[in-house]
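According to Swiss-Prot, the protein has these features:
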- H71, D104, E168: Zn(2+) 1 binding site (BINDING)
- D73: active site (ACT_SITE)
- D104, E140, H357: Zn(2+) 2 binding site (BINDING)
- E139: active site, proton acceptor (ACT_SITE)
Amino acid sequence: MTDALTITRDLIRCPSVTPADAGALGVLEALLKQAGFTTHRITFSEAGTADIDNLYARIGTEGPHITFAGHTDVVPPGDEAAWSLPAFSGEVRDGYIYGRGAVDMKGGIACSVAAALDYLRDHDGQPKGSISFLITGDEEDVSINGTIKLLQWAAERGEKFDHCVLGEPSNQEVMGDCIKIGRRGSQSGTLIVEGRQGHVAYPHRAENPVPDISRLIVALSDEPLDHGSAQFQPSNLEFTSVDVGNTASNVIPGLARAKFNIRYNDCHTQDSLRALVEERLAKACGNRIRAHIDWLPSNSKVFLTKPGPFTDLAVAAIESVTGRKPELSTTGGTSDARFIASYCPVIEFGLVGQTMHQIDERASVADIATLTKIYRGILDRYFA
């Protein structure tokens, strides 16, 4: 098989901390071009953000069309002196390849490329349909000039995707324990309570917003938003900070703010969720407390790839290699799958995610071989 470990090493050695590409997309483009893929390098820009390089590569012109998606950008390594091996060395020690991005998610991309090249080598260089790669350099930061725009660009060209595999590190403990088939949506906001500033010795001349915001935090936090659904855990609203902008101990503040985030399931849409929280806030305020919510824009909506032939195919490929039947899960944070879901069914399956974003991020060499075999099994079944 094509050596996914070598590709992983070459990618890790590109210090592609967002927004830098540092040659990572070039590594992939060279491999895919050599195998007969038509490749496109697209740079997206937006005022106030860094320009980001993206890569789209496709071989085949007919359906069915499966695309592998991913990101080559990584988070900063942190204190490099704390690493056992240099953060961008890609060195192997004791059965693990070390480096920022080994797990999240250069290893996953390397495995998908290796599997695709092996499949093509065994089928005279052409799939029984189409294989493509959607690779961005803007996932770990603002995600503005990355996958969301790359998908729009592809759609404008007439590209149609039937299914997608996103190689995020989905497994919790061992290879084959989990496929992500959906994600909860994310909505942030700021609760603002108005008072009247005054001297602490004359409280009758002031209105203290601190007790009021405390009551509202309890009111909005205590009652569940829902009790979950068939595929999703219950939604949760979490307050993350409270601030009055006041450093003086003898002044009653005039305003109090509390930031919060909601992770919501398919019991809600973004609009219905906001309406529910606003309704509860109005009830808690009554006629006395003056408060409102400033909602932040969000492109992170809930999505679900319903279990069916595509998930069955992936489960079969995983089980045939690992002997494990993976859980179909919707837990965890957001990913670029939230954008892809608007274009085609998407699943997330990659390496074990235990060390992602940590000092000494590393991937098991054996797991990289296993993932490559699983991706090859998915392709074999997809084009059977």
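Placed from the backbone N, Cα and C atoms, the Cβ positions cover glycine too.
In space, D104 is the closest of the recorded positions H71, D104, E139 to H357 (Zn(2+) 2 binding site), judged by Cα positions. With the fewest other Cβ atoms inside 10 Å of its Cβ, the least crowded of the recorded positions D73, D104, E139, E140, E168 in this structure is E140.
Fewest Cβ neighbours within 10 Å among the binding-site residues H71, H357: that distinction goes to H357. Neighbouring residues of the recorded Zn(2+) 1 site, listed in sequence order and excluding H71, D104, E168, comprise G70, M105, G108, E139, E140, L166, G167, P169, S335, G350, M356 (Cβ within 8 Å of the Cβ centroid). Between the alpha carbons (Cα) of E168 (Zn(2+) 1 binding site) and E140 (Zn(2+) 2 binding site) lies a span of roughly 12 Å. A Cα-Cα distance of 6 Å separates H71 (Zn(2+) 1 binding site) from E139 (active site, proton acceptor). Cα of E140 (Zn(2+) 2 binding site) to Cα of D73 (active site): a span of 7 Å. DSSP assigns H71 (Zn(2+) 1 binding site) to a strand in the three-state reduction. According to DSSP, E168 (Zn(2+) 1 binding site) sits in a coil region rather than a helix or strand.
Across the fold, the C-alpha of D73 (active site) and the C-alpha of the residue listed as 'active site, proton acceptor' stand 7 Å from each other.
Cα of D104 (Zn(2+) 1 binding site) to Cα of the residue listed as 'active site, proton acceptor': a distance of 11 Å. Taking the mean position of the Cβ atoms of D104, E140, H357 as the Zn(2+) 2 site, the remaining residues of that chain whose Cβ falls within 8 Å of it are V74, V75, G101, M105, M356.
Look at D104 (Zn(2+) 1 binding site): DSSP puts it in a helix.
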